[in-house]
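**Q** The active site, proton donor annotation in TrEMBL covers A:Lys222. What TrEMBL lists as NADP(+) binding site is A:Gly9, A:Phe10, A:Gly11, A:Asn12, A:Val13, A:Gly14. Residues or ranges marked as NADPH binding site by TrEMBL: A:Thr99, A:Lys123. Residues or ranges marked as L-homoserine binding site by TrEMBL: A:Glu207. If you look up TrEMBL, you'll see A:9-146 marked as domain 'Aspartate/homoserine dehydrogenase NAD-binding'. Look at TrEMBL and you will find A:155-326 tagged as domain 'Homoserine dehydrogenase catalytic'.
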Number of protein chains: 2
Amino acid sequence: MEVKLSLFGFGNVGKTVARVLLEKEAFFRERYGVEFKVVSIADTSGTVWLPEGIDLREALTVKETFGKLSAWTNDYEVYNFTPKEAVQEIDADIVIDVTNDKNAHEWHLTALRDEKAVVTSNKPPLAFHYAELREEAEKRNIPYLFEATVMAGTPIITLLRHGLRGDTVGRIEAVLNATTTFILSEMEKGLDFDDALKEAQKLGIAERDPSGDILGIDAGYKATILHCLAFEPITFDMASVKGIVEVTPGEIERAKAKGKTIRLVATIEEGRIVVGPKEIPKNSPLAVESHENVAVIKTDLLGKLVIKGAGAGLKETASGVVSDIVMAALMMR
Amino acid sequence: MEVKLSLFGFGNVGKTVARVLLEKEAFFRERYGVEFKVVSIADTSGTVWLPEGIDLREALTVKETFGKLSAWTNDYEVYNFTPKEAVQEIDADIVIDVTNDKNAHEWHLTALRDEKAVVTSNKPPLAFHYAELREEAEKRNIPYLFEATVMAGTPIITLLRHGLRGDTVGRIEAVLNATTTFILSEMEKGLDFDDALKEAQKLGIAERDPSGDILGIDAGYKATILHCLAFEPITFDMASVKGIVEVTPGEIERAKAKGKTIRLVATIEEGRIVVGPKEIPKNSPLAVESHENVAVIKTDLLGKLVIKGAGAGLKETASGVVSDIVMAALMMR
């Protein structure tokens, strides 16, 4: 079965998704009977569109050589579509959003109305428009999948959606942002907040504008998405969010002296989302290190469930995106 | 939507499944739009069958008062069906196997051929006949679900089936049997193997005939099932299995002196299953306590993923069975 993909976003995650589709072509064919054909790729410079399928190897070379797809003028037409126009114009089975477009819910809805599946790693559409998107997807029975929005490819979304159907969730406690874990770990080694942040930026762990991470907004988006799945739809403005900018070396030291560690913890209960720095015993499952994320889920039947895995990284995020692409392909068969 | 269930097995797990179906009736209706109607219940004494639906509260009372369903003669007809006859005779949407019948694959196949979904917590059918059962289910597009066979309701099966579709699994290391964990923990407190086993039996953690647990067979069945999901179908006779009966107090002490602990560990790689006692560092995710099970899954894209949760217990096992019942109901809609 041939499945036509339309890829929006060709930064680090988008390129990694393309690389996985290319390198694991035989795996997808043999294991799932699926052949993926990428019919369009869009970055901020323009949209490359070829109904017969784009040569991913070439696309990656152009992007890496020139930094933008619009430089690719010898074989391919480059279009100046808005994302919405691109969704409408381009014939595809699955629309993949690995952009940071805050208004992407608009073209996600366009895709769903057009009976195209959507796979997204982009969080704001879900954190602000979950109810509308889910309703549109369910009404038309079209896959709307978002595994990579929370804990990268660690399958917390699949687990909550499909793995605990008889259970009633009571509470989720989770560490959902790896940048803050890195900064807090560096502070434990003696750096103050500003120096720890600079170190994170130097290593490419924090972005040049780190506010989304250090103010707790990224963790808040993710906690909102988990709430929508475990309980009922809610929006980010209902979350009480505090970042780690006010954590002092003194607080870090006091926690350490008690055998504890500070992490940015999200607590999610029905109708209530709280994100903020919290003292955690060193032997708690929440005391993760490095780029690991963790969620501790408490339910009525199963009791306590822990899922822990990568919460950041390119291959790790692509894992979630590609898992959803395969799932969408199989669901539409 | 009304869904007709045929329950095979009315021991501790079967009774708990019935209790969950009864107590969470409103939850299933409101959350999934599903009404379950149990049309038959079988224990070793006979099969109670009522197409209009059995009163679960009464069934539980009869079973708890008299120890067998055949005592229930005032309102209900009790039939002497073999499981295969019961599957053929009784009109049901989902057949639920919570028995220990080693030959249950025969009537699982009967059910699938009859277009009835199967939900099972019974391991041997999968450990010996996975390929045949899966083929039959896929050919007819009928759900064949078995979450509760491994790690009770902890959704390791869902995770491997649906959560990692783009990843290639390299290796799984797991602690899959809670009885052996209990015995090894008691030995760490100073008991020898025989006394630790007796303690486990006294508390109802080990069965009167504990061989399935202590010889590693139960863990071997589960490891075989994980292999079938993560790699290709295989049968239990391919597994290399060693139990914990030869673990000596001396070995326990030596491990302890090195800051380690001994657990019955299953290692699963493509074409290779090894189950046996293994020294584990105390801070390893494999160093679980009590009734917790854990699996550490290594893959090409995601890296390392840990899932940890209850591996035994009645509500905990019912969690997996009921999750599958809901899933099967939704898939057949």
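Numbering starts at 1 and runs along the chain as it is shown here.
Just so you know, glycine gets a Cβ as well, placed from its N, Cα and C.
Heads up, TrEMBL stuff is auto-annotated, nobody curated it.
Quick caveat, the model's predicted, so the values are computed rather than measured.
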**Q** For the binding-site residues A:Asn12, A:Thr99, which one has the sparsest Cβ surroundings, going by other Cβ atoms within 10 Å?
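**A** Taking A:Asn12, A:Thr99 as the binding-site residues, the minimal 10 Å Cβ count falls on A:Asn12.
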**Q** Any idea which of the binding-site residues A:Gly9, A:Gly11, A:Gly14 has the thinnest Cβ neighbourhood at 10 Å?
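**A** Taking A:Gly9, A:Gly11, A:Gly14 as the binding-site residues, the minimal 10 Å Cβ count falls on A:Gly11.
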**Q** Looking only at the domain 'Aspartate/homoserine dehydrogenase NAD-binding' (A:9-146), report the model's average pLDDT.
**A** 96
**Q** Going by C-alpha positions, which of the recorded positions (A:Thr99, A:Glu207, A:Lys222) is nearest A:Phe10 (NADP(+) binding site)?
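**A** With Cα distances computed to A:Phe10 (NADP(+) binding site), the winner among A:Thr99, A:Glu207, A:Lys222 is A:Thr99.
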**Q** Other than A:Gly9, A:Phe10, A:Gly11, A:Asn12, A:Val13, A:Gly14, which residues of the chain come within 8 Å of the NADP(+) site, judged by Cβ distance to the Cβ centroid of those residues?
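**A** Not counting the recorded site residues, we get A:Lys15, A:Thr16, A:Val17, A:Asp43, A:Val98, A:Thr99.
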**Q** Could you check which of these recorded positions, A:Thr99, A:Lys123, A:Glu207, A:Lys222, sit within 10 Å of A:Gly14 (NADP(+) binding site), going Cα to Cα?
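**A** Those near A:Gly14 (NADP(+) binding site) - Cα within 10 Å - are A:Thr99, in sequence order.
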**Q** For a three-state summary based on DSSP, what are the helix, strand and coil counts in the domain 'Aspartate/homoserine dehydrogenase NAD-binding' (A:9-146)?
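**A** Across the domain 'Aspartate/homoserine dehydrogenase NAD-binding' (A:9-146), DSSP assigns the residues as follows: 67 helix, 25 strand, 46 coil.
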**Q** Could you tell me the C-alpha distance between A:Asn12 (NADP(+) binding site) and A:Thr99 (NADPH binding site) in angstrom, no decimals?
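**A** Rounded to a whole number, the Cα-Cα distance is 10 Å.
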**Q** Going by C-alpha positions, which of the recorded positions (A:Gly9, A:Gly11, A:Val13, A:Glu207, A:Lys222) is nearest A:Lys123 (NADPH binding site)?
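**A** For A:Lys123 (NADPH binding site), the closest Cα among A:Gly9, A:Gly11, A:Val13, A:Glu207, A:Lys222 is found at A:Lys222.
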**Q** Recorded positions A:Thr99, A:Glu207, A:Lys222: which have a Cα within 10 Å of A:Gly11 (NADP(+) binding site)?
**A** A:Thr99
**Q** In angstrom units, rounded to an integer, how far apart are the Cα atoms of A:Val13 (NADP(+) binding site) and A:Thr99 (NADPH binding site)?
**A** 9
**Q** Counting distance between Cα atoms, which of the recorded positions A:Gly9, A:Thr99, A:Lys222 is nearest the residue listed as 'L-homoserine binding site'?
**A** A:Thr99
**Q** Give me the long-range Cβ neighbours of the residue listed as 'active site, proton donor': same chain, 6+ apart, Cβ under 8 Å, in sequence order.
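**A** Set apart from the residue listed as 'active site, proton donor' by at least 6 residues yet with Cβ under 8 Å, we have A:Lys123, A:Thr149, A:Val150, A:Met151, A:Ala174, A:Leu176, A:Asn177, A:Ala266.
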**Q** How many other Cβ atoms sit within 10 Å of the Cβ of A:Lys123 (NADPH binding site)?
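**A** Taking all protein chains shown, A:Lys123 (NADPH binding site) has 24 Cβ neighbours within 10 Å.
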**Q** Counting only other Cβ atoms and using a 10 Å cut-off, which of the binding-site residues A:Val13, A:Glu207 scores lowest?
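**A** Per-residue Cβ counts within 10 Å for the binding-site residues A:Val13, A:Glu207 bottom out at A:Glu207.
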**Q** What number of additional C-beta atoms lies within 10 angstroms of the C-beta atom of A:Phe10 (NADP(+) binding site)?
**A** 25
**Q** Between A:Gly9 (NADP(+) binding site) and A:Thr99 (NADPH binding site), find the distance joining the two CA atoms and give it rounded to the nearest Å.
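**A** On Cα coordinates alone, these residues lie 5 Å apart.
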